[in-house]
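Have a look at the structure below, then the notes.
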Amino acid sequence: MAFTLYSLIQTAILCTNAIAVLHEERFLSKVGWAVDQGVGGFGDDPGIKAQILTLIRSVRTVMRVPLIIVNSACIVLLLLFG
Amino acid sequence: MDYNATQSGFRQRKLQPNMRQRNSSMEGPDGSQLFEDTSGAGPRTQSGYRNQQTEPQQAGFAGQSLLSDPMSNLAMAYGSSLASQGKEMVDKNLDRFIPISKLKYYFAVDTVYVGKKLGLLVFPYMHNNWEVSYQQDTPVAPRFDVNAPDLYIPAMSFITYVLVAGVALGTQNRFSPELLGVQASSALVWLIMEVLAVLLSLYLVTVNTDLTTIDLLAFSGYKYVGMIVGLVAGLLFGRPAYYLSLLWCCAAIFVFTIRTLRLKLLSEAAAEGKLVRGTRNQLRMYLTMSIAAAQPIFMYWLTYHLIR
């Protein structure tokens, strides 16, 4: 119950890491969530599955470099301060 | 005497450019003018930058009338131009991160609005017209329309909730000042997570709505009013009163949230009550229901540990 803002930041970092780790070829296409399998309904209504796939793909593209920086900072801080 | 007057006049002129973003006429340095102008004006930030350019000249003139010594004149003019440049830079950068002009809209409230809105939050059953009225494509300020969201009530009720939680902990001899901070930060964390979850679900269902993030923050913050009512009733009259008042407030917030969000999320036909078939409208209805159902859950979750 005693959540702090720091735990919120930790949760955000962990969740973003989890989404960024999903590999396109090795995993997503096996499940059927590859990037070309969702874009069926153009124009009218993308549907939830297409939205999720777009979200995953955009998180992977956008957050890769900032995640590297943030993760390194987290590792250094945890090593120094426990 | 003159020096002091001009100094305070100088400081008041630093406050003025914010107000000049709202009105085009030059009002006197009156504190209440800030809210008076914010209400009907809407976004008039274009006039703000023009007015800010005339500001260094005026401050320079004030410096001239201060002392006749040319060196201090120069120093005064240079210092004031530096200050106004710094202020411009801070304003511009701050405006990029926190949209201050938009925030001002949400705080343009008055006592009548607050009273009506609080009554609506506790008893929303008699209200008939839930639509937000617009004025030339921008929503009217909250003081003119009861249905408009505001941030004053959520902010005040959040702080009151933290204080009442402190009182409740004190009656159980569990109080220490750090616990206030813990309560505040966990309530804030839950609020942020709820707003993020609502944003995510709005994105997934591809709802075309004009609900901004701050609107969602306001709607999620309205449940603190019910929590405070429940907590105070529980403190004064014991556990049965806490459960009863919490039940009443949960039902009220549920109805309030559904009626407010229905107009914003659903398509027009469905919002008027007709049964429109189709998976899209069904999804949106489920989304509205789940957002509304999450409010009583949070209300109970954040208060039950305070009443023993």
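Here the Cβ of each residue, glycine as well, is placed from N, Cα and C on the backbone.
What TrEMBL records for B:1-10 (among others) is compositional bias 'Polar residues'.
The region 'Disordered' feature in TrEMBL is assigned to B:1-58.
Sequence annotations record features per position, and here TrEMBL assigns compositional bias 'Polar residues' to B:44-57 (among others).
Positions annotated as transmembrane segment by TrEMBL: B:151-170 (among others). Away from its own ends, the transmembrane segment (B:151-170) comes close to residues 103, 106-107, 109, 114, 117-118, 121, 142, 179-180, 183-184, 187-188, 191, 214, 217-218, 220-222, 224-225, 227-228, 231-232, 234-235, 302, 306-307 of its chain (Cβ-Cβ under 8 Å, at least six residues beyond either end).
Per TrEMBL, transmembrane segment is recorded for B:182-204 (among others).
Per TrEMBL, the feature transmembrane segment maps to B:216-236 (among others).
TrEMBL lists B:242-262 (among others) with the feature transmembrane segment. Distant neighbours of the transmembrane segment (B:242-262): 120-125, 127, 130, 147, 219, 222-223, 225-227, 229-231, 233-234, 271, 288-289, 291-293, 295-296, 299-300, 303, 307; these residues of the same chain sit at least 6 beyond its ends, with a Cβ under 8 Å from one of its Cβ atoms.
Annotated transmembrane segment per TrEMBL: B:283-302 (among others), in sequence order.
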